[in-house]
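S.K.: Mind looking over this structure? Questions follow.
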Amino acid sequence: MKIVTYNVNGLRQRVSQFGSLLKLLNSFDADIICIQETKLRRQELSADLAIADGYESFFSCTRTSDKGRTGYSGVATFCRVKSAFSSVEAALPIAAEEGFTGLLGCSRKDEAASAVAEGLVEFSREELLKVDSEGRCIITDHGHFVLFNLYGPRAGDGDSERIQFKLNFFKILEKRWESLLCRGRRIFVVGDLNIAPSAIDRCEAGPDFEKNEFRTWFRSMLVESGGHFFDVFRAKNPNRREAFTCWPSNTGAEQFNYGTRIDHILCAGPCLHEEHDVEGHNLVTCHVKECAILTEYKRWKPGSATRWKGGWNIKLEGSDHAPVYTCLREIPYVSEHSTPSLAARYLPMVHGLQQTLVSVLMRRQATKQVKSDVVSSSFPDESIISGGCSHVKRSIANCDVNGTDISCRSLDQDSRNPILKVVGHSEDFKEEAACSTTIVFNEEYARPLPNKRTRKRARKSQQLSLRSFFQKSHNLDDGIENSTNDISTSQTGVLNSNNQSQEAPVMDDHRCGTMQNDTNGISSSQGQEEPDRPCSPTQNNTNGNASSQGQEEQDGSRYLEKQKKSDALLEWQRIQQLMQNSIPLCKGHREPCVSRVVKKPGPNFGHRFYVCARAEGPSSNPEANCGYFRWASTKSRPK
């Protein structure tokens with residue numbers, strides 16, 4: 001049996017990186033895969049993130065929103081099985097539990113739901129709910145052992161609230177472990193515990209590194225300090241150095257392997273052999289074949305671009321952690337069992353709500369009815385559009401068609417040339433589902449509805465390119481101008497027909513007075529004579545002059561716009577040059593520094609500073625970061 005633990009730093013991102021959840025899981029070729037920091041809320045769980053063919057999954061998500069903490073942690077356990085029902089495989093758990101306090105519910109038959117777990121009665125319900133509210137633990141019982149998939153809290157220096165939370169988290173967890181060990185159960189603990197136990201597990205650890213209270217507690221749990229647990233990796237690799245599983249994501253530390261080992265596999269309890277009193281028998285000696293770090297999952301790989309030589313702009317795919325695995329041997333089958341009820345396959349947001357056969361048949365019948373009532377795509381003269389529907393209890397005198405009130409009185413105002421006619425209706429509709437209104441289109445206004453092919457061709461022809469949005473549309477301007485002239489002309493014609501008694505202007509051979517329509521049609525509508533002007537042979541000459549004048553104006557505006565862009569580009573280059581000149585050079589390599597901003601709450605929050613651009617690494621390596629630091633401003637900083 002192979003067990004893998006991996007902090008994915010966002011399950012959605014890793015699934016996208018590998019193409020699918022199944023490809024991600026299959027890449028490990030493991031029987032049990034424990035994932036931390038899924039960054040998923042419970043309502044975000046979907047089949048593409050939780051279900052993979054051949055695997056059963058179990059999730060725990062954040063249940064609190066304190067300080068904006070929503071969807072930031074979360075754990076998941078995936079078990080590869082041949083059958084989810086009536087199986088004897090040890091990889092398929094016989095029971096599962098979300099959290100480790102017992103208050104979030106479990107699938108174990110001999111324990112009541114929402115009951116405090118054994119050994120935790122000394123803690124208040126509020127304390128237990130608080131440590132279990134961040135989605136940091138999934139427990140699966142595999143018969144021969146109980147597996148804890150953990151994501152330990154992180155507590156920065158000076159953050160007293162998170163430090164206290166982390167202390168309570170591991171204190172309550174330790175009580176749960178002791179309770180299980182007293183019952184003779186074997187325990188495996190895997191995950192990102194956010195604790196590097198010894199100086200060998202941290203790059204360039206200081207002299208006080210091992211005095212940290214959490215590291216002290218971790219080492220007290222190990223067998224060499226009188227505890228019950230084996231650090232499986234150190235048991236198999238006792239003297240291996242620079243064996244790290246996590247690297248800072250913003251300093252490029254992976255390039256020089258400048259990291260820490262905080263992802264662990266621990267185990268406790270007797271071996272599976274019957275001779276328990278035989279000296280030297282334990283889980284590690286008898287059943288652990290190997291334990292190693294899967295460094296091929298690191299984001300930075302040999303041959304990748306150097307970060308400080310243009311590589312900072314290259315996005316590295318992957319998590320800032322590396323998976324850790326262990327292979328177990330001589331793990332026998334268990335009694336026949338099925339997938340626990342806590343599995344993701346039973347979550348409503350994953351598999352959906354159960355549907356009845358009647359609801360499916362009703363939907364099919366409704367679909368057929370809609371298809372049968374589709375309106376014909378072509379109309380003859382005096383076409384009739386009738387909507388097939390049921391009767392509604394209301395008068396046609398005020399019938400609502402598509403949300404618009406059409407009254408009979410308004411339709412009869414111009415009976416000589418109606419646009420719409422209500423052909424037939426009853427006095428009173430009976431109450432049913434919908435309104436049946438028959439509308440007649442006059443021949444002049446009726447248009448056949450386009451068929452599907454015509455609509456598709458029209459949409460394709462109307463599709464615009466990205467470039468067209470940044471170019472001035474000449475056709476649009478011309479169309480507006482032409483439509484304005486058409487409107488003014490039509491208005492003039494109507495008004496002139498009403499003013500036939502007025503005298504027509506006198507024309508001579510050399511000068512002609514015409515009723516010219518201006519853009520607004522004002523002079524024509526008033527029936528006034530315009531001053532005499534030279535008579536042009538055709539109106540096209542006038543239009544040609546106006547067109548050439550408009551073209552000159554457009555060329556001038558284009559030139560001004562181009563000049564503005566050129567000036568803006570020169571100004572931006574000047575600003576960039578000033579910024580480049582203001583960036584200091586690091587003393588170690590005489591290279592331009594990179595600027596960063598203080599994000600930690602405190603007196604310097606939000607202030608910008610400069611540091612060496614090279615990747616973080618050992619101080620003995622001259623190619624690594626030289627440690628240069630300078631504030632961006634020499635002015636006194638506010639306190």
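Just so you know, glycine gets a Cβ as well, placed from its N, Cα and C.
Taken from TrEMBL, the feature Mg(2+) binding site covers Asn7, Glu37, Asp192, Asn194, Asp320, His321. Under the heading active site, TrEMBL lists Tyr151. As annotated by TrEMBL, active site, proton donor/acceptor applies to Asp192. As annotated by TrEMBL, site 'Transition state stabilizer' applies to Asn194. The feature site 'Important for catalytic activity' is assigned by TrEMBL to Asp263. For His321, the entry in TrEMBL reads site 'Interaction with DNA substrate'. Per TrEMBL, the feature active site, proton acceptor maps to His321. Among the features that TrEMBL reports, region 'Disordered' is placed at 475-561. Annotation source TrEMBL lists compositional bias 'Polar residues' at 481-503, 514-528, 536-551. The feature domain 'GRF-type' is assigned by TrEMBL to 586-635.
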S.K.: Neighbours of the Mg(2+) site Asn7, Glu37, Asp192, Asn194, Asp320, His321: Cβ within 8 Å of the Cβ centroid, same chain, sequence order.
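M.R.: My list of surrounding residues reads Asn9, Gln36, Tyr151, Cys246, Ile262, Asp263, Ser319.
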S.K.: Tell me, how many other CB atoms lie within 10 A of the CB of Asp320 (Mg(2+) binding site), whichever protein chain they belong to?
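M.R.: Within a 10 Å radius of the Cβ of Asp320 (Mg(2+) binding site) lie 19 other Cβ atoms.
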S.K.: Residue counts in helix (H, G, I), strand (E, B) and coil for the domain 'GRF-type' (586-635), per DSSP?
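M.R.: For the domain 'GRF-type' (586-635), the helix, strand and coil counts are 0 helix, 12 strand, 38 coil.
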S.K.: How far is it from Asp320 (Mg(2+) binding site) to Asp263 (site 'Important for catalytic activity'), counting Cα to Cα, in Å?
M.R.: 12
S.K.: So of Asn7, Asn194, which of the binding-site residues has the fewest other Cβ atoms within 10 Å around its own Cβ?
M.R.: Asn194
S.K.: What Cα-Cα separation, expressed in whole Å, is found between Asn7 (Mg(2+) binding site) and Asp263 (site 'Important for catalytic activity')?
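M.R.: The separation of the Cα atoms works out to 8 Å.
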